[in-house]
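Single-structure report; data block below.
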Amino acid sequence: MKSALPILAIVLLLCAGAFVAPATPFIVDGGVYYDMARALADHGKLHIAENGGIESGPPLTKFLTVAHEGTVYPQYPSGYAFIAAPFYKLLGVNGLMLMNALGFGISIWLTFAIAKRFYDRQVGQWSAVIFATASFAPTYAFGIWPHMVSLACWLGAIFCIVVAQDQGEGRKPAMLYILAGLLVGAGLNVRVDVVLAALVIFFWLRLFAKPSDRIAPVFLVLGLTPGLVFSAWLNSIKFGALTPFSYGPTGGADSIDRYLPVLALAAIAVVLTWLVDVSKFPDRAVKFIRRYWSPGAIAAALFIIAITPLRELAWRTITGLYVLVFNLQAHDAYYQAGVERNEFGQLLFWGYPKKAFIQSLPWAPLIILPLFSFLRGKHVRAVSLCLLAIAAPIAFYALSHWHGGGSYSMRYFLPAVPFLAILSAWGLRSLTTKAGPNRQTILIALVAAAALYLGLQEVGQSTERFLAPAALYPQWLIAAAVAVAVCFTLTRPYGEKPRRIASGIALFALAYGVAINLYEEIGHERTRAEQMALAEDISAPVKTDALVVTGTPLSFIPAERNGAFVMAVDEKNFEKAATAARAFLDNGRCVYIHNTYALNLIENELDFPIRRTPLWAVSRRFENDPRLAFFLPDGAESRCWPE
C-alpha cells in the first residue's frame, strides 16, 4: 500500500498539470501534431487540410506539411494521430497534453524499473528522481509533443529486453523480444528516431547480453515488422513512397533523407554483427580497452585521418558533438525563425539562450564512476546498455549538427536522459555509501544552487550582454568540478573525505540541474500562455470560411476552430498562397493577409488591389503589437471586418 501512494500522487500531479498548463502548442511542430489529432478525431482523415472547398484553389499547406494529390499531409509519422485522436475526442487539447503527461509518468516508472533490474531499488528510485526533476524531461511533459509517448515506447522495449535476460530459454523470453519489437514499431510511428532503440537492443544483445544467441535478434525483428509495414503503408498514402522512413519531399534540416546513409551503414553493421561469432566479445573488448586504449586510439585516429571520407565524417561528427553536447553557441550551420543571434552574437530561442546537452545536465560527469567500473569488468551488461542508449541519439543527430529547432534544450537527446540518470544515480550512490553527506550538507547544496542560479538569471535579464553567459557558462564550471571531484575519488578509493566532498559537489550539480529545468519549464508555460492569449485576440476578427495567409499559423488555431482556413506562407510557396487568395476572393469569401511579413511575400503576385492601411485586431494586453495587423482586399472591410 505504501509503495502505491507515491505512484498515485505522481499520476494525480501529472493529470492536474495537463489541465492547468496552457492548452496550446509551443511551436509549429506542436501545431502539426494538434492538426493530426483533430483531423482524425473530428473527420476520420489522415490529411489535415484540403483546398477550403474551392476546386480551383491549391492545397492549403502549412509549415512541416506536404501536398499530395490535392490534400495536405503532415511530414511527421501519422501513427501519432491514432494514439492521440481518442484523447482529443474526449478532452480536446487538454487530452493531448494528458496523453503526453501519462507518457512522462510511464517513462519515470520504466526508468526506475530498468535501474532496479540492473542494480537495486534505491538506485532505481534515485534514477527516477533525477530523470523527473533534474533533467529537461518535464519541459516536454505538459505540451503537445510526441517525445514522451515515443520515449515510453523506447524505454518499454528496453525494459522487455532486460527482463528477458532473467527468463532463461524458451517461449517467455521469445515473447518478450517480440513485444520489444512491437513497442519499437509503435514508437517509430510516432517518432522515426525510435528505430534507434532497435539498433541499441540488437548490438547490446549480440555484443554484451547474449553474444552466442543469434535467434533473439530474429524475434526482435519479427516484432518490429508490423510497425515497419504500418509506417510504410501510411507513407504510401501521404507521400506516394512505400517506405517506413520518409518525411516526404521536405528537403530542409528536418528531412530524414540526410540520415539514410547512416541508417544504411548501421544496417550493414547489423548484418555483419549477426553473422560473425562475437561470443567472446565482452571479455575481449574490456581487456583490450584496459590494456591498449592509448595506442588503439592513436592507431584508429591515424587510420581515419588517412582516408578522406572517414576523415570528413569524423570531423563532422566531432564538431557536431562539441556543438550539441557542450557549446550550442558555436552553432553556425543555419538559422530559422525564433532561433537567431542577438546583437552580441548569442544564439537565442525567442529571446532566451538555447542550451547544449551538458548545459541542461551539469551532473552528467557522475557517469565517470560506472564507466570506470565497466572498464574493470563490473556491471558490464548494465553500463554497456546505458552507454549504447546514450550514444545512439547523440551520435545520430551530431552528424547533421541538428539542434531540434524550437526548444530551450536538446529535445532530440531526450532518449539518452533516462540512461544518463541511471548511471549517474549509481555513481552518486557509490559516493555516498560509506561517506554520504548529512542533511545539513544537502540543505546547503540545494539552497546555494537555487540562489546562485536565480541570481545569475537576474544578472542576465538586466543586461543582455550577460544573458547567455549567465544562463549557460556556469554549467561548464559545475560539470568540470563534478568530473574533477569524481576522478579524485578514484585515486583515493578508501578516503572518506574526498567522497564526502565529491558527493556534496554532485548534490550541488543536481540541485542546479533542478533549478535550470524548473526555470525552463516555467518559461515554457509562460510563453505558451502568452501565445494562447495573443492567438485569441488575433483570431477574433476572422470570419468563418475565410482564408488567412500568414507566417504564424499557430496564431489562428482559434479561428480554425471557428471554421476559418489557414495557409502558411514563406519564400517557397508565396505564389501558391497568392493563388489561394484569388480563389477564395472569386468565391465571395473573405481573405486576410496577416501582417507585413505575409504581405511583403505575396503582394507582387496578387492580381487584385490590397488596402495598404492595416486593420488592427482589438487587444488590451497586446495593443500596438505588429502581429495584430491585417491587410484586406480593397472594398472588403465592410463585410469582412467587425465594426
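Keep in mind that glycine also has a Cβ here, set from the backbone N, Cα and C atoms.
Listed in TrEMBL:
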type	residues	note
DOMAIN	78-225	domain 'Glycosyltransferase RgtA/B/C/D-like'
SIGNAL	1-23	signal peptide
TRANSMEM	96-119	transmembrane segment
TRANSMEM	140-164	transmembrane segment
TRANSMEM	176-205	transmembrane segment
TRANSMEM	217-239	transmembrane segment
TRANSMEM	259-276	transmembrane segment
TRANSMEM	288-307	transmembrane segment
TRANSMEM	356-375	transmembrane segment
TRANSMEM	382-400	transmembrane segment
TRANSMEM	412-428	transmembrane segment
TRANSMEM	440-456	transmembrane segment
TRANSMEM	476-494	transmembrane segment
TRANSMEM	501-519	transmembrane segment
Mean pLDDT across the domain 'Glycosyltransferase RgtA/B/C/D-like' (78-225), rounded to an integer, is what?
94
Comparing 140-164, 412-428, 501-519 for Cβ pairs under 8 Å with the transmembrane segment (96-119), the winner is 140-164
For the transmembrane segment (476-494), the candidate among 217-239, 356-375, 412-428 having the most Cβ pairs under 8 Å is 356-375
Taking the transmembrane segment (501-519) as the first stretch and the transmembrane segment (356-375) as the second, find out whether 3 or more Cβ pairs fall under 8 Å, excluding pairs closer than 6 in sequence.
yes
Where DSSP helix means H, G or I and strand means E or B, what are the helix, strand and coil counts for the domain 'Glycosyltransferase RgtA/B/C/D-like' (78-225)?
120 helix, 0 strand, 28 coil
For the transmembrane segment (382-400), sequence-distant contacts whose Cβ falls under 8 Å of one of its Cβ atoms, 6 or more beyond its ends
118-119, 158, 162, 193, 196-197, 199-200, 203-204, 207-209, 253, 258-259, 262, 282, 313, 316-317, 320-321, 323-325, 357, 370-371, 373-374, 412-416, 418-420, 422-423, 426
Do the transmembrane segment (412-428) and the transmembrane segment (217-239) share at least 3 Cβ pairs closer than 8 Å, excluding pairs fewer than 6 residues apart in sequence?
no
